[in-house]
There are 2 protein chains.
Amino acid sequence: MSMHTSIATVCLSGTLEEKLRAAARAGFDGVEIFEQDLVVSPDSPEAIADLARELGISLDLYQPFRDLEGVDKAQFQKNLTRAETKFRLMARLGIDTILLCSNVGTATMTDDGVVVEQLRRLGDLADSYGVNIAYEALAWGRFVSEYDHAWDLVKAADHPRIGTCLDSFHILSRNTDLSRIAEIPGEKIFFLQLADAPALTMDVLSWSRHHRVFPGEGAWDLSDFLTRIAATGYAGPVSLEVFNDSFRQGDTNRTAVDGLRSLRWLEASIADTIAAPTGSASAAEPAGPSTALDLQPLPEVEEPRGINYVELSTDDLGALTRQMHQLGFQFIGFHRSKPHVQLWLRGEARIIVSEVTDGVGTGADAGGTSSTSADEAGTTSAPVNGTFLRGIGFEVTDSRSAMERAALLHADEVPRDQAHNDEVLRGVFAPDGSEVFFHQFEKATPAWIQEFGHDHDEQVSHIDHVNLAQPSNHYDEAVLFYTSLLALHAEPSQDVPSPSGLVRSQVMSSTDGSVRMPLNVSPQPHAEAVAGRGIGSVVEAYPEHVAVACEDIFHAAATALSRGLDFLPVPQNYYEDLDSRFDLAPEFLQQLQENHILYDRDEHGQFLHFYTSTIGSVFFEMIERRGDYRGFGAPDAPVRLAAQHRKNAQLSAQNAQMSGQQG
Amino acid sequence: MSMHTSIATVCLSGTLEEKLRAAARAGFDGVEIFEQDLVVSPDSPEAIADLARELGISLDLYQPFRDLEGVDKAQFQKNLTRAETKFRLMARLGIDTILLCSNVGTATMTDDGVVVEQLRRLGDLADSYGVNIAYEALAWGRFVSEYDHAWDLVKAADHPRIGTCLDSFHILSRNTDLSRIAEIPGEKIFFLQLADAPALTMDVLSWSRHHRVFPGEGAWDLSDFLTRIAATGYAGPVSLEVFNDSFRQGDTNRTAVDGLRSLRWLEASIADTIAAPTGSASAAEPAGPSTALDLQPLPEVEEPRGINYVELSTDDLGALTRQMHQLGFQFIGFHRSKPHVQLWLRGEARIIVSEVTDGVGTGADAGGTSSTSADEAGTTSAPVNGTFLRGIGFEVTDSRSAMERAALLHADEVPRDQAHNDEVLRGVFAPDGSEVFFHQFEKATPAWIQEFGHDHDEQVSHIDHVNLAQPSNHYDEAVLFYTSLLALHAEPSQDVPSPSGLVRSQVMSSTDGSVRMPLNVSPQPHAEAVAGRGIGSVVEAYPEHVAVACEDIFHAAATALSRGLDFLPVPQNYYEDLDSRFDLAPEFLQQLQENHILYDRDEHGQFLHFYTSTIGSVFFEMIERRGDYRGFGAPDAPVRLAAQHRKNAQLSAQNAQMSGQQG
């Protein structure tokens, strides 16, 4: 047993039947029926109740009932009649609790006494139908907009059928003091709804109706919130009510899994700090808060220690490995049992290159390659052509525990061939279709390197960060994925201008910066359609890159130049602007320009870097951090994006010309 | 000569070169160079100046310069040095005016005296470079955030090189009293920037950076604003500065045309109310405000009197005309010179049906069919298969003038074959690719009806409204298009829930309601890609419909039923909910349900309607308005959308099964 998880049907896309099936398939225990979903459904209430029974999920709440209280007698009588029709409907559905929202539209009486009396009368009516009323303060309620006001009214009504509903959005969006939650006895909380939200400054109604996200995908501390609820003794459903424009149009099964993951993660995040009810707890344990919620932990995961390797898939092996050679990577060897997989090293920066020819997958490598890739629904499809970032190996303190946790968080495992004497590696698909592998952290060179017949490279170099392209409709899901599976943190997002629109960039990182992944949402509309790797996917619209840290960027650039690297060009105007922004010595500026190196500075240090041209949907960045510079050269990103845009335009023009000559 | 139009390069997508070419091609007189666009450009300042000269456009402003004033002496000295590098750069560009934004980040001194002195010193430096400083209060400036404060500072500085820049966004977003604009002498306004914006309640910085739109596309009264500026004697550029996420990623030529249209429309809207300078005005004219802006009017257009006809294109003639027959439309005849074009009437509701077979266009009809259709770039392409709404004929008081106006507003004319004795009809493409034709309003039956050999129909019926699907990335453009070409008004938009996401619906209408067009933006991501009609276009994702008003909906439904109409099904749950919402007589409710009729009511009247199934991307709605009901049955739209969703899902399943059986 675990806590009873539930989700409002309004969170999901599709028909009511599709929503119920998706919730059940994802593993929810129940759903809230949103009235509108029922009204537009061709299925009778009885048929919906039967379907829920068949699917093994409960119908936990009927919602919403609006604009009941704080009205004059004549209107109240009409409202009671309206309520009665809902109670009859609920009986047909087999639902015993209804959400009553504080009056937004029709309330004319500010007197709490009137409201208390009307709640009591509603309670009497509800009692005759066996219905419980969960009264909730909407953040934009006319006279009742704070949870503690609603609780005061419920307390004063003192009716067994009248309780309160607490919704994290309505409470946290108003920044209300949470301390009075502790005053509410758990049994008077008739329902609990959770939503997270990004920190936006806008009217609370629009914020609520369009921008809610699942716990862990926004800016709020839902762990603290749920801890406070748990401490009241609340034992009912923990339900998601998230109005989100993207979720409403997304794949319903996928959204449901995303939602359940958020609850499992949240549950586990507080399971260790809250003891079970004293009856079942050991007497030796300290007397922390106890709870009637049966909170289940997950296998622990610590922040990753680093990026063990990046795997690139390519159908243009010559071009890719030539570029890596130019960057100072050394060819180490082919995998002993996977003939199309090779390893390249530059110090501790490890790149696995797996060749794909004509759409035929060529076997998994030691670093985790599968012969499949995730499509939109998380199922598998055939290998794809192109050069793209296939996956990342993360160094974790306990790889077995990380994989168990990932599975319990409903991540799809990457199918993988494994030779009997290779290191056992397991991984899952990220929301963008890339593969995430869990490597046991070792201080020495990783064991799997031996599978390539490696002798050690002496260069001081490592993977500094990996930039991933994200489909915009799975962006929130990605944040929760990396937070819940890998304990990474989301930094505030930034908008970066490009010639084709604003790129939203959000860094996910570990506290010490040993893992850094900027997630980029491209503005290209067609990039929304497909999550996944390779041709036709989101990475086509926005190339991804691996940033390699080195000790001496000028030396790296000189080597690259001597080996004929195709640097991404940096305009003269950039260097002139740099000169006006920073007081750089003329020789240094010239040295930067001669080496195609871009420059940034903050109060902690300096950042020097250059980019390569793009092969398929991948390019490299070579960087040198001086001092304690924390960023990624964000002021330089528009320069890169513009240069890549020009390059693409040139290629398009050349292709058009060539096909014209052929035609 | 007309007023000098300009546009900031930040409004447009692409490289700086592409932006300049797009601005020139659309017909702008000049541009503002946004610094970032120059920094990322491979072209030198001299090359940009040469390009502008070659294109025949002026470089009107360099922008922005930030965080100069209100700082201590040491910092100010550094800021002057920074300014000097910009002045040198401007000399290379040949630009003589720079935008100085009020300090946002570094100001520490609240004393206006310090700012005045620093402006004066900047003015002295600027003078040695022949540069003018246009000082602008940003709405989020640290100490200077109001236009009149900025003007007080400029006035006190009293320096020939220091003037102010007025930006409608920064002024109207703060809701500042506009009366003090009249105090500013026109020659001290060094620059004028215009932007409109939707009425949003959010932090002003996000509002400004993401949601600005061109004049006529938002909620503000830019005519009043420009009138006030014109009255000061301002004679400089009227420039658009619009940060908009969609424009930044849209087709740059198309956005430029949209922008110029907004300025031409705005100019014309005030041209009649503001006299030319007294020197050139006739002595007999009343002494209204005069202006140094040479404001050019456009041919007048009044609101349309009605929808003359709707044209549907089809490759499924039998299914479409059968449905029209079921709805009580009468076949009138084939066009005398266009053999594949026929006319159907129901009272004054006129539907032209043009058959397209296997992608071969079949000649234009009297109502305005061309043999081409607009693609994304506004150019023409081959005819397309499918059943779709091809165009609308609007009744206007002066069709010649309306067409001239449309041409001056840069709308693309629909190419059209014209038989020598047919009525001369001209039209243009709307942003969604549909055709807009201008018909001379006549009280009697339109003359072109004779071309089909018509005898008059006695039914009382007309086209009540037409619902169009809009690609979301051309939504603002569509609002301006219908506003500026047809004098329609935008009503506040609504979000309608559907199983695949929220549909944004905005009604464009004439004041008396004789023309009503809800524009709907579908949530389907792929619907963003293509504007246009037929297969692969936005209308695939969201069907469009023609709503026909009748006198007796029950009679119409009975006729339709007896003729075998495939009604869109309405669920039982809907009628039960209707019963709880409205106190309807049981017999009436039953009558509604038996006839598949939906019902709505407001304080003005009642709305009864039913829908047909969809053919291609078109369906019909039959409606009866009782009393003075103004709406469109918005509460019923989710019912329709859900039913259409289910129908599509059934069809997909059937198709999958059929292809499975065949395979």
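Glycine residues also receive a Cβ, built from the backbone N, Cα and C atoms like all the rest.
Just so you know, TrEMBL annotations are computer predictions that nobody has curated.
Keep in mind that what you see is a predicted model, and the values were worked out from it rather than measured.
From the candidate list B:Glu117, B:Glu136, B:Glu300, the residue TrEMBL records in the divalent metal cation site shared with B:Asp167, B:Gln193, B:Glu241 is B:Glu136.
B:His465 is the only one of B:His462, B:His465, B:His474 that TrEMBL places in the Mg(2+) site (with B:His545, B:Glu621). Counting only the Cα atoms, the space from B:His465 (Mg(2+) binding site) to B:Glu241 (divalent metal cation binding site) is about 35 angstrom.
B:Glu621 (Mg(2+) binding site) has a Cβ environment of 23 other Cβ atoms inside 10 Å. The Mg(2+) site is set by B:His465, B:His545, B:Glu621; from the centre of their CB atoms, other residues of the chain with a CB within 8 Å are B:Asp464, B:Val466, B:Asn467, B:Pro518, B:Val546, B:Ala547, B:Val548, B:Phe620, B:Ile623, B:Phe632. Per-site Cβ counts within 10 Å over the binding-site residues B:Glu136, B:Asp167, B:Glu241 peak at B:Glu241. Taken residue by residue with DSSP, B:Gln193 (divalent metal cation binding site) is part of a strand. Every protein chain shown contributes to the tally, and the Cβ of B:His465 (Mg(2+) binding site) ends up with 22 other Cβ atoms within 10 Å.
Look at B:Glu241 (divalent metal cation binding site): DSSP puts it in coil. You'll find the Cα of B:Gln193 (divalent metal cation binding site) roughly 40 Å from the Cα of B:His545 (Mg(2+) binding site). Sitting within 8 Å of the Cβ centre of B:Glu136, B:Asp167, B:Gln193, B:Glu241, and not among those site residues for divalent metal cation, are the Cβ atoms of B:Leu99, B:Cys165, B:Leu166, B:Ser168, B:Phe169, B:His170, B:Phe191, B:Leu192, B:Leu194, B:Ala195, B:Ser239. The number of other CB atoms found within 10 A of the CB of B:His545 (Mg(2+) binding site), across every protein chain shown, is 23.
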